[in-house]
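This report refers to the structure that appears directly beneath it.
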Amino acid sequence: MVRITTWNVNGIRNPFGYKPWSTNRTFNAMFDILETDIVIMQELKIQRKDLTDDMVLVPGWDCYFSLPKHKKGYSGVGIYTRQSVCAPIRAEEGILGALCPPNSTTPYRELPESASIGGYPTPTQLAGLPPELDPESLDLEGRCLVLEFPAFVLFGVYSPANSNGLRDGFRIGFLTALETRIRNLAKMGKNVILTGDLNVSRDLIDTARAEEHMRAEGMTHEEYLSTPNRRIFNQLLLNGEVPGQRDEGREEPVLYDLCREFHPDREGMFTHWEQKINARPGNFGSRIDFILCSITIKDWFQDANIQEGLMGSDHCPVYAVTKDRVPVRRKSGTETIEEEVHVLDLMNPTGMFKDGVRQREYDTVKDVPPLSGKLLTEFTKRRSIRDMFSKKPAPLKATPAPMPTVTEPSVSAKTETPNTSSAVEDSMDRDLQLALEASRADMYSYTNGKPASSQSPLKSAEKRRASASGSPVKPTKRGKSGALAATSKANKGQQSLKCFFQAHSKLAEASPPSDEAPPATDSPSQTATDSSPPSPPVATESFDSDPRASQDASKEGWTKLFSKKPVPRCEHGEPCIVLTTKKAGVNCGRQFWICPRPIGPSGQKEVGTQWRCGTFMWCSDWKGS
């Protein structure tokens, strides 16, 4: 079987701050915990320069990335495939095929049919996009990766979110182009699996905010289903509810919603929760992450579900699992024959597996599409530690050693042309030995109170050592005066501590008093007292009557002035939390106190329940009492 997992991680390293991912902060360990074979990640929020070894050189895995070309810390999609289970035969970036493969100037859509995945939207099909939208811009934000296996074409997608109407044209254009390409591939006879964060919910059962949104906008259920993105999406799906007549070119559904079809009546099957209102504990969320497959291969899957218990993002993982053997239709002459084939035979290049048994090893060079992250310039010459140990270097061929010549060089020749490195090393060794002997001689002479002889044969070594290090051999001279200087001249050997203490005392006695000595300590105070008139006593009665009470009152006043106000408590008796208003208007930027508990499943403030109560107070109105 093959397990496919999609997860909007909200930053590629974000999950490592949560359990269980924080225990072993590696992608290999993460994928093992997910027990998956193909991982599709959205919102990586990195650029190519941010890719590191641990992201790309994951042992036993291949990786593919589509990252934004201009914006930083924005979107980004990555797909990891387990080498022991599957190997894509082609990989592309973008929906329209407008981008070029690595080390090529030819766009994907202009490549030969055998080298491209196909199904690219035609200019006629793109004519219906919003007029203000440049179609080429759809592929520049790192929102789509396409991998082709013999079994199907896999899309990993991060669709644009609803930005309060600011990018509606881009959002509609992206989903329209995506739907067009999927339908084109279906017409070519290729199976498709669409995965990722599509940022659209199907119906009321798929979002907790549906009724609230409908009331706020004054919409009916039919109008809710007729919003542009939701209408396009539902026309793509089997059993998708579409009010009225279907659009032209969208008469037939082509995809199958695996999670919903395996759990048709399950409520609260949400995959995303808003963090700023702490909506996850109360499961007040929406289902916007999907694994959708072609209707023709819906029987290949045995399970699909969400993993709402896994933390690490504001989304949770969604997975689907195939069967070990899947039904495949083959043409034999004029007849169509259906037979069961092991799924591993269909997930790898022809001849790599037969009936689920590997026939040849995975070639990390020949079997990897050019878009692989391991073939990026900064990673192509590098290997993981596991690969270094698993692959033994090829043995070198034994070559006969050349026969040595009998001619012996003369003594003069040896002397004139010595080996350069040996000569340098011998010279360095001699210099080091001479320097060490000179150092010992210096220590011996100074210890015995006798200066080293000027005729010493080690003097030249000292000079060489000094010139090589760039610092003088003799200790640094310090200024000396009085008896200290005399003592130093009398005895150049090592001096005792007694000499230093005596020098300081004599120096202090020999120093004459300065003519500019400062006045006595009591002079300024006395002068100020004599020159200024006597000041009246300040509050002598209060200090005499109760000085301690006055000090306590003063301390209490200052404490109230500089200490923080106590935090108000909600109806549950718990300390409130502070939030800031972001909504445009007169209150934008103001802070307020609310209940710290998460919002409940209803999405409303409740009374007498375990969820968020109705406590609300502007911070400016709180007096601290």
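Glycine residues also receive a Cβ, built from the backbone N, Cα and C atoms like all the rest.
Annotations in TrEMBL come from automatic prediction, not curation.
Site annotation for Mg(2+) in TrEMBL covers E43, D197, N199, D314, H315, and the matching candidate from N8, N234, N239, N278 is N8. According to TrEMBL, the feature region 'Disordered' maps to residues 387-428, out of the candidate ranges 345-386, 387-428. DSSP gives H315 (Mg(2+) binding site) a strand state. DSSP classifies D197 (Mg(2+) binding site) as strand under the three-state reduction. Per-residue confidence over the domain 'GRF-type' (570-622) averages 80 (mean pLDDT, predicted model). Listed in sequence order, the residues N10, Q42, Y158, H272, I288, D289, S313 complete the 8 Å Cβ shell around the Mg(2+) site centroid, once N8, E43, D197, N199, D314, H315 themselves are left out.
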